[in-house]
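Chemist: Here it is, the structure, as structure tokens.
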């Protein structure tokens, strides 16, 4: 369920930036920041350990979806179609990473 929220937050953040005539690059970054911060805030308010602190691909999924949405939006594709495709990219990327148990690399500290 949180994957759908991630998709909605990603597209909403990117779209809001685009409506303020901000560059496409910043719109992508703001979409990712909106999504990741929203999930972090949700975990903190629910008194859960933030998922973001693990080796999850949440930021990567949001980045892929934001790139897809902003690219299609800048190509003057219908807003609803661009949002559906961008959101689908977030959801599919997240589901694939969960299904295949894909994680980001973890850096080892010197003491361990």
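Cβ coordinates are placed from backbone N, Cα and C, and glycine is handled just like the others.
Sharing the record's features from TrEMBL:
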- 1-72: domain 'Glycine transporter' (DOMAIN)
- 22-41: transmembrane segment (TRANSMEM)
- 53-73: transmembrane segment (TRANSMEM)
- 79-102: transmembrane segment (TRANSMEM)
Chemist: Given a Cβ distance threshold of under 8 angstroms, which distant residues of the chain, six or more beyond its ends, lie next to the transmembrane segment (79-102)?
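Modeler: Beyond its ends, the transmembrane segment (79-102) has Cβ neighbours at 3-4, 6-8, 10-11, 14-15, 35, 56-58, 60-62, 64-66, 68-70, 72-73.
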Chemist: What are the DSSP helix/strand/coil residue counts across the domain 'Glycine transporter' (1-72)?
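Modeler: Taking the domain 'Glycine transporter' (1-72) as a whole: 58 helix, 0 strand, 14 coil.
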